[in-house]
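Trainee: Take a look at what TrEMBL says about it:
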- 1-19: signal peptide (SIGNAL)
- 5-324: domain 'FAD dependent oxidoreductase' (DOMAIN)
- T43, S44, V166: FAD binding site (BINDING)
- Y223, R278: D-dopa binding site (BINDING)
Amino acid sequence: MTAPKVAVVGAGVIGLSTALCITETSPSCSVTVLSDQFSPNTTSDAAAGMLIPHTYPGTPIHVQKQWFKETFRYLFAISNSAEASEAGIHLVSGWQIFKSTPKEELPFWSDVVLGFRPMSKAELQKFPQHQFGQAFTTLKCDCPPYLLWLEKRLKANGIQMYTRKVTDLWELHSEYNIVVNCAGIGAHQLVEDKKLFPIRGQVLKVLAPWVKNFIRDGDGLTYIYPGMHQVTLGGTREKDSWSLSPDPGTTKDIFDRCCSLEPSLREAQDIKVKVGLRPSRWCVRLQREVLSQGGVKLPIVHNYGHGSGGFSVHRGTAKEAARLVRECIASLQGSSSRAKL
């Protein structure tokens, strides 16, 4: 058969990374990215981009760890290269703090991040309301520059990108041999996935260049993540809320909570509010499916439902999706050789 045509639907961090992995592992493919939104208007643009994994109850821990490891390794190499600044990736050290000792003192990812250890009593004095903490160094992704860097890599590999709203994956069957669904929260309507739900996140982006260390409350709600140019303050986790409008009361609450952990933030300047809908599921949907109508078949690879953990595992799940695409190509080639016989 001629070079297989692959369409990747979605241009957030999952869609762009998946398209890149497909071209790296199946260079004979012709890959096109289709999305109704590109950066700076994707959900990924509002993300904090910290590599601290979120746990998916329906996915085995060893699989989640492998995804995180792959992603950490990939971004660490970029952070250690001349492209680090353009890609918006850098190492950041800090603390995850708890009001009481958590059941799990050593999370599954503790040996992937750098220098993970319990905080000393002296360090905990900075947080008098908290009794236990963990100190480590991880990676921070400044999301808009990273998405633009991925787009640049894709264009260099000859990948086409088109603004197009796909309302039904089947509509692509006459133009493409394989479709990869990385539609994020859009999959709720696109494939009518009732297991997918939004968790609304509101964050603030502020100028506070003196803040160098991240601080994350163990409940995952309050966090301070310094980026290259701005500090991200968060946040909220509002299940089943579809609202993209910033809420002023929430803005004040986030700011006050973050200032209680880092009082110097009272002097922060240029406060901007961002809202995104995290595409959440019991587990990431990462699987093959075949749609068929009237004897015509269209192989689909799904890669969505990463919730608040997308940046932490994006490269790992993209590699897995690219492997599933290779399986689809092999079965297409097998059926075309059988047809010739």
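Glycine is no exception: its Cβ is also placed from the backbone N, Cα and C atoms.
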Trainee: Highest Cβ count within 10 Å among the binding-site residues T43, S44: which residue is it?
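Mentor: Of the binding-site residues T43, S44, the highest Cβ count within 10 Å belongs to S44.
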Trainee: With a Cβ cut-off under 8 Å, give me the same-chain residues at least six positions beyond the ends of the signal peptide (1-19) that come close to it.
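Mentor: The answer is 26, 28-35, 37-39, 42-44, 47, 143, 146-147, 150-151, 154, 159, 161, 166, 169, 172, 175-184, 186, 190, 303-304, 306, 310-311, 314-315, 317-318, 321-322, 325, 329, 332-333, 336.
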Trainee: Can you tell me the CA-to-CA distance separating R278 (D-dopa binding site) and S44 (FAD binding site), as a whole number of Å?
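Mentor: With the alpha carbons as reference points, the distance is 9 Å.
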Trainee: Which ones in the same chain are close to Y223 (D-dopa binding site), with CB under 8 Å and 6+ residues apart in sequence?
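Mentor: The list for Y223 (D-dopa binding site) reads A48, M50, F214, I215, R216, D217, T232, L233, G234, G235, C258, given in order along the sequence.
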Trainee: Out of V166, R278, which has the highest number of nearby Cβ atoms, where nearby means within 10 Å of its Cβ, if these are the binding-site residues?
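Mentor: The most densely surrounded of these binding-site residues is R278.
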